[in-house]
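Comments concern the structure below.
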Amino acid sequence: MNFLSVRPSDSDLISSDLYELLESISTKRKMEKHTYLFREGMDAEELYLIQSGLIEIGKLTSDGKDLTLRICQKHDIVGELTLFTEEPRYMLSAKVLEDGEVLVINKNKLEKELIQNGALTFEFMKWMSTHLRKIQSKIRDLLLHGKKGALYSTLIRLSNSYGVERSDGILINIVLTNQDLAKFCAAARESVNRMLGDLRKKGVISIDESGKIILHKRDYLRCEIECENCPLEICNID
């Protein structure tokens with residue numbers, strides 16, 4: 001996957017004071033493609049601030065399918081949902097998609113620092129709440145509208161995060177295989193193939209010569225999933 005992001009990173013959504021605190025109490029660690037920073041169910045002792053590379057955040061569904069919830073890159077933070085919880089365990093898995101480096105932040109050390117600064121604690125908890133809303137909205141689309149709803153909402157989120165306006169619609173400026181899209185929907189690749197084929201026949205999307213999707217009728221997708229018009233900070237692919 002080749003991600004050419006235009007969305008804000010987590011460092012754009014938190015203050016410089018909080019970001020500097022995270023950097024000051026961290027240590028560097030290399031990460032290799034196809035390894036995991038953590039897996040769902042493991043004891044949660046660390047948070048990670050990405051310096052380079054790509055990380056996929058997801059989980060296994062009850063029927064054994066991969067469900068991708070986030071794709072994280074430079075300056076994003078992962079593992080944050082375990083803060084201020086007793087006997088914390090990671091709720092999701094973090095798979096390395098591209099070699100890189102992370103800053104490792106000890107959970108207990110961060111909690112001690114935040115307790116001494118109420119303003120930064122409030123900011124961090126507010127930021128965590130935003131991430132929870134993102135995950136909840138993605139799961140909502142899957143539960144209420146099935147695989148089709150998950151695919152349609154994924155295309156909308158991709159257009160918000162990586163979209164480039166054109167005269168004929170919105171170019172989603174990343175290259176994704178149908179298998180990549182299937183993981184965002186916890187669906188089989190064959191199902192995604194059929195759904196994308198239907199959208200092409202209806203003129204909702206097309207594929208350019210480089211394999212990128214052009215979204216011609218985003219309002220059609222919004223109508224189909226009864227879009228709630230969430231703000232862009234919620235309706236994106238991270």
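Just so you know, the numbers here start at 1 and follow the chain as drawn.
Quick reminder: no glycine exception, Cβ is built from N, Cα and C everywhere.
Per Swiss-Prot, the feature DNA-binding region maps to 178-197; the stated evidence is sequence analysis. Same-chain residues lying 6+ beyond the ends of the DNA-binding region (178-197) with a Cβ under 8 Å from its Cβ atoms: 1, 58, 61, 65-68, 142, 147-148, 150-151, 154, 205, 237.
DSSP gives Cys230 ([4Fe-4S] cluster binding site) a coil state; it is part of no helix or strand. Long-range C-beta contacts of Cys230 ([4Fe-4S] cluster binding site), restricted to its own chain and to partners at least six residues apart, with a cutoff below 8 Å, comprise Ser137. Here Swiss-Prot flags Cys223, Cys227, Cys230, Cys235 as [4Fe-4S] cluster binding site.
According to Swiss-Prot, the feature domain 'HTH crp-type' maps to 145-219. Summarised by DSSP class, the composition of the domain 'HTH crp-type' (145-219) is 41 helix, 15 strand, 19 coil.
The region 'Essential for the oxygen-regulated activity' annotation in Swiss-Prot covers 223-235.
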Packing count at Cys235 ([4Fe-4S] cluster binding site) (other Cβ atoms within 10 Å of its Cβ): 19
Extra residues within 8 Å (Cβ to Cβ centroid of Cys223, Cys227, Cys230, Cys235), [4Fe-4S] cluster: Ser153, Ile156, Arg222, Ile225, Glu226, Glu228, Asn229
